[in-house]
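Trainee: This is the structure, below, for whatever I ask next.
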Amino acid sequence: APSPTTAVPYMSVKCIDVRKNHHKTKWLMPWGSNHCEKLKDFDEAVSRQIEANDIVFAVHIPLPSKEMSPWFQFMLFIMQLDIAFKMDNDLKENAEITLDVSLAYRDDMFDDWEEIAHAIEIRKLKCTFGSPKTLESEGRHYDCDFLPFMEIGSVAHKYYLINIRLPVNERKGINVGIGEIKDIRLVGIHQNGGFTKVWFAMKTFLTPSILIIMVWYWRRITLMTRAPVLLEKVIFALGISMTFINIPVEWFSIGFDWTWMLLFGDIRQGIFYAMLLSFWIIFCGEHMMDQNERNRLAGYWKQVGPIAVGSFCLFIFDMCERGVQLKNPFYSIWTTEVGTELAMAFIIVAGICLCLYFLFLCFMVFQVFRNISGKQSSLPAMSKARRLHYEGLIFRFKFLMLITLACAAMTVIFFIVSQVTEGHWKWGDITIQVNSAFFTGIYGMWNLYVFALMFLYAPSHKNYGEDQSNGDLGVNSGEELQLTTTITHVDGPTEVYKLARKEAQQ
């Protein structure tokens, strides 16, 4: 697949708005048949006695002779200001810029523009000046951080228009002391259409495969005379959460203007993360031989409780950002000091907690391996058939535990990297290039892992007679022989589970 996203730079065009009443909606086009009257620079505005309030920065999306597509899925815009140094108009410390922004759309080059959103936003300027502030340095530009500008959760229309005003009111101190703004640049980031098609194809293919294995798995469990054990219920719940994230509802975003799809995607992924992390804890716990609290969800509240609380906090944080953007696409939690610190704290704490969780999981897996190895010491005393039987079980179980650890490590890395990738446009500095193979690979890994779990942990219904002959091994005994992890007993879904259960009871 092509890279997941594309970044397109846009340079705004300075238009003259000669109307006296700025509250009426009038859209100024930067180019085309009905383009606005343009200014080359602000020196021309001064010479023509055009006030700052009569200048509108216009940006048409996309560039000329191109059009947007619903396959792009979302649009994220960041802003960069070109601010020149002047002795008599210096940039104050902690300066704030007030933006009067409007967004409109149309689907034909000759239609009228329809307004999507209008807002008055304040952004904090974070700029540095490398040279000494002397007369010789006049005209040099400040080095300013990117500013979060806008995010839309769907690209349902072909053409978009952004009009930005910088209203000046000296009495109220609006846009005073922000330096000499020369230009406004925007960078538009959207998902690649080719990547979207590959992503949709994966979801469409994987949904029925997981659904079929889920139905088969639960049918095998319901055929048992006993009630399902906790591990079987949790594996089934993991299958449900995987199916929820798989269902390709994104196909509807091609035909409908559903701006909430980004938020819905975050919620789906959050539910799956919470379920996966909880499953790993219960999965290791149920196979630890020194644990008496078996087959009860209440026995895991200390481990599962923090996961639930953390997931809820991340949900609240997401609602504060993307939830508000459903009403106002220009809103960003990163625009205020408190919001930035809160957002950074959320991401850092979530990253630290995930790393600690992974270390705890490694410790639990180590305990399980140690206990299983202890049990292996009694294997030589067994008959050949039973020894081969348990050696096969233990080898497969250890392999599954190692795959679980690898899956957990990749999931933790994916979560942290995706947060940094999404955030670096908003808070500068760190840039990580993530290619499509990483996204599709992790997604495929989750599906394969859930599929394998349900396949390996489905109860077996094979019946072995008491006087079964195992001629190929030269053994004639009444011992069961099945080199698989799917032998089911009254105590639980696997032989390893039964072994662990007996040990715990002893």
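Every residue gets a Cβ built from N, Cα and C, even glycine.
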Trainee: Name the residue range among 68-85, 230-247 that TrEMBL annotates as transmembrane segment.
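Mentor: That would be 230-247, the stretch labelled transmembrane segment in TrEMBL.
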Trainee: Can you tell me the mean pLDDT for the domain 'Wntless GOLD' (13-191)?
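Mentor: Across the domain 'Wntless GOLD' (13-191), the average pLDDT comes out at 85.
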Trainee: Restricting to the same chain and to residues at least six past its boundaries, which positions have a Cβ under 8 Å from a Cβ of the transmembrane segment (267-285)?
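Mentor: For the transmembrane segment (267-285), the nonlocal Cβ contacts are 230-231, 234-235, 237-238, 241-242, 244-245, 291, 297, 299-300, 303-304, 307-308, 311, 314-315, 318, 357, 361, 364-365, 367-368, 401, 404, 408, 411, 415, 446.
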